[in-house]
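Novice: Submitted below is the structure of interest, expressed as structure tokens.
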């Protein structure tokens, strides 16, 4: 028992700064994540790689970040635009286009407009808020594997 207790601080540090299992709640990333949300009450569990989370961000990546509206809430969205990109926005954003400022990204959910609180609601997010990159789906087991975000990078590009 004592030897296990000695590992707890190391495991906690690993979970906080390197890698974490994250349960996906809500419909905002449907159908890519929580694809079975209508058939079952199960939620996807993903690997959230935290080390270097703000490095080498690219369009199409799925990231976790502290919500700009509620700093206690971790959100999961896809990067749509990088700094300097001009983005076509959706309601409720007050203007039809926006240029992503330096040190920020534009994130959106894959689900319907009403299913996601994303940059269309709170604007570009500071890269400093990003705490992880979703790299693998772990559960459900039949969907387990690497998240192929590169295949979707151009699909989610919203340049003008």
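Here the Cβ of each residue, glycine as well, is placed from N, Cα and C on the backbone.
Unlike curated entries, TrEMBL annotations are predicted automatically.
As listed in TrEMBL for this protein:
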type	residues	note
DOMAIN	11-91	domain 'Peptidase S26'
ACT_SITE	28	active site
ACT_SITE	77	active site
Novice: Going along the chain, which residues six or more apart from residue 77 (active site) have their CB under 8 A from its CB?
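Specialist: Looking at Cβ-Cβ distances below 8 Å from residue 77 (active site), excluding near sequence neighbours, one finds 28, 29, 62, 63, 65, 107, 108, 109, 116, 118, 119.
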Novice: Hey, what's the Cβ neighbour count for residue 28 (active site) at 10 Å?
Specialist: 22
Novice: Determine, from DSSP, whether residue 28 (active site) sits in helix, strand or coil.
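Specialist: DSSP assigns residue 28 (active site) to coil.
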Novice: On the 0 to 100 pLDDT scale, where does the domain 'Peptidase S26' (11-91) sit on average?
Specialist: 81
Novice: In which DSSP state, out of helix, strand and coil, do we find residue 77 (active site)?
Specialist: strand
Novice: Just give the helix, strand and coil counts over the domain 'Peptidase S26' (11-91), going by DSSP.
Specialist: 7 helix, 26 strand, 48 coil
